[in-house]
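Report on one structure; see the data block that follows.
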Amino acid sequence: MPRLLMGYLVPLNDKLEEDTSIPNIPLNQGPNYIGRHTTASLSDKRLSRKHLTLTASPDASAVLAVEGTNPIVVKSENTRKKLFPKDNATIHHGDVIELIPGHYLFKYKTLSGNENLDAHGVHNHKRGSNDRGKGAEVEELSRKRSRQLVPQEKGSNTSFKAEVEGSSLGAENRGNLQSKRDGSQVEAIQHFRVPNDKLPQTFRLLNVQGLPQWANTSCVSIGDVIQGDIVVAILSNYMVDIDWLIPACPKIAKVPHVLVIHGEGDGTLDYMKRKKPANWILHKPPLPISFGTHHSKAMLLVYPRGVRIIVHTANLIFVDWNNKSQGLWMQDFPWKDQNNPSKGCGFENDLIDYLSALKWPEFSVNFPNLGSFKINPSFFKKFDYSNAAVRLIASVPGYHTGTNMKKWGHMKLRTILQECTFDKEFRKSPLAYQFSSLGSLDEKWMAELASSMSSGLSDDRTPLGPGEPLIIWPTVEDVRCSLEGYAAGNAVPSPLKNVEKDFLRKSWARWMASHTGRCRAMPHIKTYTRYNGQKLAWFLLTSANLSKAAWGALQKNNSQLMIRSYELGVLFLPFKTCSSGFSCTSNGVPSEDKRGRPESSEASRTTLVTLNWHGNRNSDSSSEVIKLPVPYELPPQPYTIEDVPWSWDRRYNKKDVYGQVWPRHVQLYATQGS
């Protein structure tokens, strides 16, 4: 006996209009299986063959159960809720289902809704009919019922009720309503908005193509940071694609003086020399120890009003600024008063020490109304960094001894943390290491690094104690199903011999980034943190991967630190800074308050939290809450027995989302072979 037709899934376009080019999916009474090949439009391999089940009932509702391996989203009115595998919920007429978050949108329409039926109970698609009758009453009832999704099983945590009832609250509080399933807010990044004068206290993620609009809230592109009347630009990076950079950021072509500090090899360097504008200077810093690289990613933009310091994680190539999870910090600093120059501070000393190690060829520049200056490391002492919101953590190659040991790498981090006190809740709290390349490690060095990362004192002046690290690293499935497919694995370059070491097995944790919409945007960002729930003791955004070359290794009975590569990062600490509100690109009047960050450990505290923090911002007026857009979810979820860490020198025959296998050729530059 044929089952009774109950309704349809009606395909929608990006504007949430019905897409008449794709057929509706009929829903009969009882279970209906939706997945890959249900219709010709659903052939995406991110969709499971049995992606979800819709069990339609005569009361115009349907029970939705997520059967596949990827989450889906249900939208009721203006509220969206993510459902994970094995979750289920009741949906009603008018609700919208996103089979993949942001993609494959379908509206659930019942036969008792706003559409008419013909004599045989089949949908009549004529629009604008006024013959609503009883169907209108049912639709109105359905609208009222759609104000919440009702859990169907004991233990299900997919209720919309709290989120919808909170719609009259401010965005801050609405964003704090979390998914109890994994402790993360749904689409939390869409509530991340920071006033311009507070931006230096946090960082931002880079825009990613192909994500829904909410996932790029407060995110930036290269044109957002390279702007204004720049007189001198110093671009520091590892990879530089001139053919992409200049069209992507036309402003850089108009800067009178550009110094590119890079880590490119001879072939690409020869191409860059032929293609670069005449006013550009190319410089590769000295690499005194073999197998080192210039890996730091930063920009120093000098203006008539001051200098903009940018530290970020993206190579100057297309895929890094468009397809991957990346981070960027930025702060503007004014010129010092030459008649009453302020003394240096920790940020200034660290910056000048680092720039001095680069050994670039100095050049002269004439600044309107200011005169001519030689552009060398000492030039950057002319700016007032007293309001710096972060500390710099840099690495430079060499065999560092004596006081120089404490200037670089993990020993610099250790030295700064040892001078800080943290809330007692961070005693023996865990560490998270997240990066995109894994060096050849051993247990001794991992303990050495953990010792530095575990430094710091509790409120009672006792050591915080050791923290257990978890390593956040994409799995083979993460890469295969990513926005780029297996091509993303080219930027996660770690061989099997480094990945398969037994002592690492207990540390692997998943790349899970649903609250920022970046589960499929593979990480090139590098971050290290000590956390307790959604609170952070400190947070480091850096170019440094997990390797001895980047962080340094102690030698000669701990009397020498050997570092191979140049790296640069910014360390966020829970101590108040007084933002001056200064901008190099606007004419606003900066604050006269020059207190900056007190250098003592007795500085008044802030509270560093993730976007998934659900406390009350105003619960403690004495402690300002600083939200950091940590792209992955904390606490990290350990690998399951099925998870396999990605390594780029293995063969993977299971096809990716583009039907490709690995290895495959990946083009990284606009002109390949340059």
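Using the three backbone atoms N, Cα and C, a Cβ is placed for every residue, glycine included.
Cβ environment of His524 (active site, proton donor/acceptor): Thr313, Ala314, Asn315, Asp320, Lys324, Ser325, Gln326, Ser436, Ala491 lie under 8 Å away, each six or more residues apart in the same chain. According to TrEMBL, the feature active site, proton donor/acceptor maps to His524.
Here TrEMBL flags Lys297, Lys526 as substrate binding site. The Cβ of Lys297 (substrate binding site) lies under 8 Å from the Cβ of Ser236, Asn237, Tyr238, Val311, His312, Thr313, Ala314, Asn315, Ser543, Leu568, each of which sits 6+ residues away along the same chain.
Summarising the annotation, TrEMBL assigns compositional bias 'Basic and acidic residues' to 128-143 (among others).
What TrEMBL lists as compositional bias 'Basic and acidic residues' is 591-602 (among others).
What TrEMBL lists as site 'Interaction with DNA' is Ser547. Its Cβ taken as reference, Ser547 (site 'Interaction with DNA') is surrounded by 22 other Cβ atoms within 10 Å in the chains shown.
Of all Cβ atoms in the shown protein chains, 25 besides its own fall within 10 Å of the Cβ of Lys526 (substrate binding site). Here the C-alpha separation of Lys526 (substrate binding site) and Ser547 (site 'Interaction with DNA') works out to 12 Å.
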